[in-house]
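A.B. asks: For reference, TrEMBL lists these features for the protein:
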type	residues	note
TRANSMEM	12-36	transmembrane segment
DOMAIN	15-293	domain 'Amino acid permease/ SLC12A'
TRANSMEM	42-61	transmembrane segment
TRANSMEM	82-100	transmembrane segment
TRANSMEM	120-141	transmembrane segment
TRANSMEM	148-166	transmembrane segment
TRANSMEM	186-207	transmembrane segment
TRANSMEM	227-251	transmembrane segment
TRANSMEM	271-290	transmembrane segment
Amino acid sequence: MPTGLKRDLGLFSTMAIAIGAMVGSGVFILPGVAFVTVDGPAVVLAFLLAGILILPAAFSASEMATAMPEDGGSYVYVERGMGPLLGTIAGVGNWFMLSFKGALALVGGVPYLVFVAPGIAEYILPLAVTLAIFFTLINIVSTKSAGSLQFVIVGVMIVVLGYFIVGGVPDIVPEQTAGALNFGSSGLLAATALVFISYAGVIKIAAVAEEVKDPGKTIPRAMIGSLVLTTALYVAVVYVAIGIVDIPAAIEAGQLQSDGEGPIMGLAAEQALGTIGTAAVVAAALLALASTAN
């Protein structure tokens, strides 16, 4: 049934929407918290396992979005198979999930803003609300504009994170990454569950399926491609970050909170990349959190 929506999103714009929805809180907020949860460097394994565990959901969403390339995501699939009541419940639940994830991203930028400009801490809430309104208007006015904006944001973000990985490798302390793939680590399952939300954005593609060009080919490629790329990026970035930052020492020094929350990427960049590198990583963090909110 025609809805008047234009199919403006190609493969790379569609991938950018998914990557932008994933790479945000997962890599800039959660590594320190997950490190404390797993009590060690096996946080790297937690991110890898979470990326693998999301695959069945990604495959299922890909099949459903290909068969029914309509806007609405899980609402459409559940409504068609189980009726409008359960479809509405699924749709509202998905909306809340993405809304809370976006809110986490906007508010989660606080430590990074305060990291470079401590004096603006009191203005964080108005800034977050302003950004939320801005991204809402962009998506209402034009999905193509939203996709193009997302493509630019994600491109810059990936370049900076690549720079962080390459520039940070020489500063890794091997003792801090020993046991990164230890399946016997205490709290591994809890940490995996914690970081699982980092990959939830992959299903965002299903919500804009009706605006994707050639959805039968583009949607599966975009979902799997974005998930593989994001998983590899998470594992590499988190490995480098915990290899540079001594998290227990940072907590003791008050640089991170007792639960590991804080600008761990900013601390790592400050130690390994200097002033310019730190500015680039903080900017990437803010872009990533903004793209997640978008």
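Cβ coordinates come from backbone N, Cα and C, glycine included.
How buried are the listed features, and what sits near them?
C.D. replies: When Cβ-Cβ distances below 8 Å are used as the criterion, the transmembrane segment (42-61) is approached by residues 26, 31, 34-35, 73-74, 177, 179-183, 185, 188, 191-192, 194-196, 198-200, 202-203, 205-206, 223-224, 227, 230-231, 234-235, 238-239, 242 of the same chain, each at least six residues removed from its ends.
Proximity of distant same-chain residues to the transmembrane segment (82-100), defined by a Cβ-Cβ separation under 8 Å and at least 6 residues beyond the stretch ends, is recorded for 21, 72-76, 200-201, 203-204, 207.
Within its own chain, the transmembrane segment (186-207) has Cβ neighbours under 8 Å at 14, 17-22, 24-27, 30, 33-34, 37-39, 42-43, 45-47, 49-51, 53-54, 57-58, 61, 64-65, 71-74, 94, 97-98, 101, 219, 222-223, 226-227, 230-231, 234, 292, counting only residues six or more beyond its boundaries.
Counting residues 6+ beyond its ends, the transmembrane segment (227-251) has Cβ neighbours under 8 Å at 15, 18-19, 22-23, 26-27, 31-32, 35-36, 41, 43-44, 47-48, 51-52, 54-55, 58, 158, 161, 164-165, 168-169, 171-174, 176-177, 180, 198-199, 202, 257-258, 260, 262, 264-265, 267-268, 271-272 in the same chain.
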A.B. asks: Taking all residues of the domain 'Amino acid permease/ SLC12A' (15-293) together, what is their mean pLDDT?
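C.D. replies: Mean pLDDT across the domain 'Amino acid permease/ SLC12A' (15-293) comes out at 83.
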